[in-house]
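Before any comments, here is the structure.
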Amino acid sequence: MEISSHQSHLLQQLNEQRRQDVFCDCSILVEGKVFKAHRNVLFASSGYFKMLLSQNSKETSQPTTATFQAFSPDTFTVILDFVYSGKLSLTGQNVIEVMSAASFLQMTDVISVCKTFIKSSLDISEKEKDRYFSLSDKDANSNGVERSSFYSGGWQEGSSSPRSHLSPEQGTGIISGKSWNKYNYHPASQKNTQQPLAKHEPRKESIKKTKHLRLSQPSEVTHYKSSKREVRTSDSSSHVSQSEEQAQIDAEMDSTPVGYQYGQGSDVTSKSFPDDLPRMRFKCPYCTHVVKRKADLKRHLRCHTGERPYPCQACGKRFSRLDHLSSHFRTIHQACKLICRKCKRHVTDLTGQVVQEGTRRYRLCNECLAEFGIDSLPIDLEAEQHLMSPSDGDKDSRWHLSEDENRSYVEIVEDGSADLVIQQVDDSEEEEEKEIKPNIR
């Protein structure tokens, strides 16, 4: 038969012994403050103490002292009280420190409780936020006239009381009525003076809507000017003169920060304008490189896959990018600095020949050809003709490519680990226009 109260009674007795320093055989020093405890209790409750006390298990006759600098005494007090009572005193101010100390002491139960506490606190704050906005929406619907007078009360003129009290929804404190005249603000208590001008309410609503739409989008000064012209032309039947209307709109636009827009009632929502910033949408699956265009991602993937789809028609060397091929051709071949591959001496079409060895082609001078033996090396006469200056009929085509070479290089590379299929295509037309493909000479 199990007695459930025995465990709590035993913990209570151990806690009393700790408070009275009875049979305490372990001292914990935390930033100069000493805590007394029992080694058996610490051994059973903390993985760190279990490892620490196991190393000194042979010296049980002497008291053990442990020193910590990773957390504060107040934090360790909360943890030690939990060890002896099973009650964890968490608040919004100490939950992070307690969770950090519990992680250091390898107390998984305390870490789980701290995580649950943080999550529940976030849920409560979200619920309170939703409740606040729902109440503000209801108040805005029930007090629409007062809300409209809060933002557009400057359309009418009238004397205000020397001092007026703000309602709790608008703020607290006492504000002078005349001090708000330059901001076109009239408190809600002046509703009686605004009733004779109720015929301007549709006009004010339209201006508020226009202002909301204009401020909710990233705009410059030109947008504000265009919105002013739209407001002036949209309602020509207004009894307010053009000069008063222009002055009112200017005051409203100038007094409103660009990064904010009005919501219902007195709610103000911050706008960060994320559409103005470039969106990086393509991420490399092999590294952290991020690009804006798919063509740039395909070009970047060649450094991982080792693809070299652009061969040099003069020497057969392959490149991963078209601009690298163009730079190679300009600096090596088009510069007319033909050298022998073996002796590195300058050669011409008369003093050297093009030799093809497998897929590679290079030049050798006549002396080096005589050393190797001209019969033992294959001479590519057709390649030598390609290295000559192109004929007049071929000047329009910058590259002397066959029909098979003119096809776009399309290769499929499959990566089983990432389940990624990469299709390499030609660079965009924009890049092709920028690239200069010189004649082979």
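Note that Cβ sites are derived from N, Cα and C of the backbone, with glycine treated the same way.
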Ask   = Looking at Swiss-Prot, which of Lys36, Lys178, Lys292 is flagged as SUMO2 cross-link?
value = Lys178
Ask   = Which one of 310-333, 334-357, 406-429 shows up in Swiss-Prot as zinc finger?
value = 310-333
Ask   = For the record in Swiss-Prot, which of the ranges 6-28, 75-97, 282-304 is the zinc finger one?
value = 282-304
Task = Could you check Swiss-Prot and say which of Lys129, Lys138, Lys182 is marked as SUMO2 cross-link?
result = Lys182
Message = Just to confirm what the record says: which one of Ser161, Ser389 has phosphoserine annotated in Swiss-Prot?
response = Ser161
